[in-house]
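Features of the protein shown, as given by Swiss-Prot:
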type	residues	note
BINDING	G8, K9, G10, G11, I12, G13, K14, S15	ATP binding site
BINDING	C94, C131	[4Fe-4S] cluster binding site
MOD_RES	R97	ADP-ribosylarginine
Amino acid sequence: MRKIAIYGKGGIGKSTTTQNTVAGLAEMGKKVMVVGCDPKADSTRLLLGGLTQKTVLDTLREEGEDVELEDIIKEGYGASRCTESGGPEPGVGCAGRGIITSVNMLEQLGAYDDEWGLDYVFYDVLGDVVCGGFAMPIRDGKAEEIYIVVSGEMMAMYAANNICKGILKYADAGGVRLGGLICNSRKVDNEMEMIQELARQLGTQMIHFVPRDNMVQRAEINRKTVIDFDPAHQQADEYRALAKKIDDNEMFVIPKPLEIEELEKLLIDFGIAN
């Protein structure tokens, strides 16, 4: 079973990219579980056809310790298994702590057991890993491969670099490695070349360039992944290609984070600062 965490700047399209990629893997016959690690609890919506799922923390709050696995895991597109850790009430408690509670709960209830025949577990993780709780999949060896969703925008690249610092910090203890950057295009000038160069300097690869297409939004409005909504569309093939590249990937590295000056030089070299 491969354990993968998807990180990236808030709003970059992690949940969308994760769910569309999972749909691609499911179509290939892979058995996948998705663990949403975001208080917004939107990491599985498209796989479940828009069904709002009761989160692990909500279930715990309402039912106490008496929780069954089927209370917190729902079956989604292509027999994917979907669960959301959820978060504390706004303004109370720590969302990162909630993720730790949820993942421990899933382990205790046997969500990762061999009987499910899982090929993949995906953790879709909030934001920029500035807080220890959100770093938990990296820190405690829950995830072994990290993919960072990035674009050619300054803050997305800055966040990706920060995440690499987190991976570097825990690489020895948790055995976690960076599998590559996924460029979720924002149609920035020279975007593909810039992210390829960023990947090179970090010592990794740009595993796939996902072009910007309104079909993604159209599918989302219909509460589906692109592969589910319009399987013949070119954008569906992009996600299939990404799924295949992740399935075939053998490049796992400890990244070499850039200094802020190097990052700014990269932006200037590719003309974004002009």
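Glycine is treated like the rest: Cβ placed from N, Cα and C.
Positions of Swiss-Prot features highlighted on the structure.
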residue	record	CB count, 10 Å
G8	ATP binding site	29
K9	ATP binding site	22
G10	ATP binding site	13
G11	ATP binding site	9
I12	ATP binding site	25
G13	ATP binding site	21
K14	ATP binding site	25
S15	ATP binding site	24
C94	[4Fe-4S] cluster binding site	14
R97	ADP-ribosylarginine	16
With DSSP assignments reduced to helix, strand and coil, which class does G8 (ATP binding site) get? strand
Work out how many Å separate G11 (ATP binding site) and C94 ([4Fe-4S] cluster binding site) at their Cα atoms, rounded off. 20
Can you check what DSSP calls G13 (ATP binding site), collapsed to helix, strand or coil? coil
Out of K9, I12, G13, K14, the binding-site residues in the record, which is closest to C94 ([4Fe-4S] cluster binding site) when you go by Cα distance? K9
